[in-house]
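What Swiss-Prot records for 126, 127, 128, 129, 130, 131, 132 is ATP binding site.
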């Protein structure tokens, strides 16, 4: 398990020594800021632009990264390469300026692949659960003293950052399938948590193209590498016969190489047993609720088992798991008298999930762990295309809460789509007949709705991938 790395692996690429200044367009994005941070720590001159200041841009600024707010031709001055987020339009002035100056413009995954080139890469992908699974693997490797470099899509709470430069050969990354760019990566180990209908517009509206992308990604493994996949997922089972690499399976399915059974949830903890081929069973206590997190944990256990990390370290890490920022994050109890002058308290949980399957998993975990609490959800839909593609799934799953407040769609740069807006979704849920949702048009209206609706013993769930977490935290947490 030796992980000693004696030199900077990027500088081991001779031509990369010619690259000194790297400019990121959309540097505040979760997929961008981690790569920028690692390169800054490796000694590169990093600059970046975004449309707003955020906690991530502030963090990078404190590391010495020059941040520009707004996109202008002059921002790319003297850059050797431009790294772009998938959310950036091709007509962005910085991209146009780079092309005119014949400066290379690359996707973030292409830069990530350069970071991985001389490292032992572990890439975690899948529609749901990849950020939490990445965090778990990072925690286990760190506890084992393997000092990995990591780049995650969310803040690893035990580390307080999205990314960290380690000095071993290990690089643990979240591999984003949303725009097909994960095919730039060539790791030694891959984890596929599941394959579901999301970002289909990026695959010409054809789910078969998304499945083909995962097949190609698995074949990016070298012949001596291996993949860890969840066979509870029917799409993964469908593509497995086409994969010509070593496969290790996990899941509640009895045929899995790592089989989960005896699952129990104890409020916000869970316990379960994992049987492993030719190895002792593990009795796991995980500091996170939900069957979905048991699956995430077992994927991490599979990686650690293959690496030869001791069971003692694995089990201790699961017991002490602190989680990931905004992934079923328990923010604690807040007094109602600071919100609406009533007596009592509410429990506040913040979750990034924005796909119907993720919402379903969160709702089930809450109903199991806190069955006597009224569930009040503040939901901010994310992307018009997602609402359009999964419209009826959203109607079904959102009808399973007690009180529902729906904010405007967080567009992530997309133009509006007729009938895929929050007002239309709200109307459709009301017509479905199980609950009567409220459309929230602004922060003042949200404050008033919370003042009017919250009562003692409620569980308030902040749900969505946009700005909703910061908005509700300001309204609730600042008053406590």
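Cβ coordinates are placed from backbone N, Cα and C, and glycine is handled just like the others.
If you draw a 10 Å sphere around the CB of residue 128 (ATP binding site), it holds 21 other CB atoms from the protein chains shown.
In sequence order, 124, 133, 193, 194, 296 are the residues of the same chain, not among 126, 127, 128, 129, 130, 131, 132, whose CB sits within 8 A of the CB centroid for the ATP site.
Around residue 132 (ATP binding site), the same-chain residues six or more apart in sequence whose CB sits under 8 Å from its CB are 154, 288, 293, 296, 323, 324, 327, listed in sequence order. The Cβ of residue 131 (ATP binding site) has 25 neighbouring Cβ atoms from other residues within 10 Å, across all protein chains displayed.
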